[in-house]
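These come from Swiss-Prot:
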BINDING   29, 30, 31, 32, 33, 34, 35, 36  ATP binding site
């Protein structure tokens, strides 16, 4: 399928890339809002391949629990006497981005043996500087960064990474750094992190607004040779809102199924999930960590919080006690925008399930 819209976000990211690196950028948004698709569109179709070298690390693809896993994500081993920059130059002729930084076998063995991030970062910096000397601008993109949020290597790895990213951008102006995440609690933690104050920027990739969602339906209908009336499009939006993945599923399924049947199937599925979530709370009391305290959550407090969404899609964060919204965000029922300090359901389907069930 052709890429649709996001021209505003694309223009902003290209504008950032045309400047000297100076900030770490965090790209966040609800689940399935199109963050990865946006970045892939930029990497594959919008960048001058003669000007940029992109390293794209997708952490969702690898289970990371120890130092060796982290190294496996970052590096691609090779044998021979070629310099890493020569390997990179030969690779980027054929692919738009690299999924690891080339490292000679003996160098990689040494990095694995010493088990310190200092050696890792020193090697990466050397490679990035060599790329810069070749007249190209390196870009690091880390997708689902929160996967290493609690991992420790001589202290929390994430803080060492933040310091390193700040060094690459704010201090050395060497490399653009973009971190993607759909974990809004992680983004809230990052947003309030003192070491990143004045050194990081945040880009929200949200679900489509109504106008764009309706245009997306027209686009998909044309792509799939489907006829959608205005009433059909309004019905789709009322059920799934502007969630690109949900809209795509509904339009494509409606090619050979009744539209209302497809929509009711999705909604009933979401209602069943929410019902089960609430039923489990009759038998267990979840706990969440807030600061240095572990707080127990009551079912009554969760229901009270969810009922606030009966008549509103968005509410101020302060309207729900912190432990309760933390739990609901962890369970992917709510999404938190830390910049605007608002909470909303992860999707229109979740919102409709809340309204039907409560």
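Cβ coordinates are placed from backbone N, Cα and C, and glycine is handled just like the others.
Each residue in 182, 205, 207, 244 lies on the same chain as 29, 30, 31, 32, 33, 34, 35, 36 and has a C-beta within 8 Å of the C-beta centroid of that ATP site, without being one of the site residues. On its own chain, residue 32 (ATP binding site) has 182, 243, 244, 245, 246, 347 as residues at least 6 apart in sequence with a Cβ closer than 8 Å to its own Cβ. Using a 10 Å Cβ-Cβ cutoff, residue 35 (ATP binding site) registers 24 neighbours.
Each of the binding-site residues 29, 30 was scored by how many other Cβ atoms lie within 10 Å of its Cβ, and the smallest score goes to 29.
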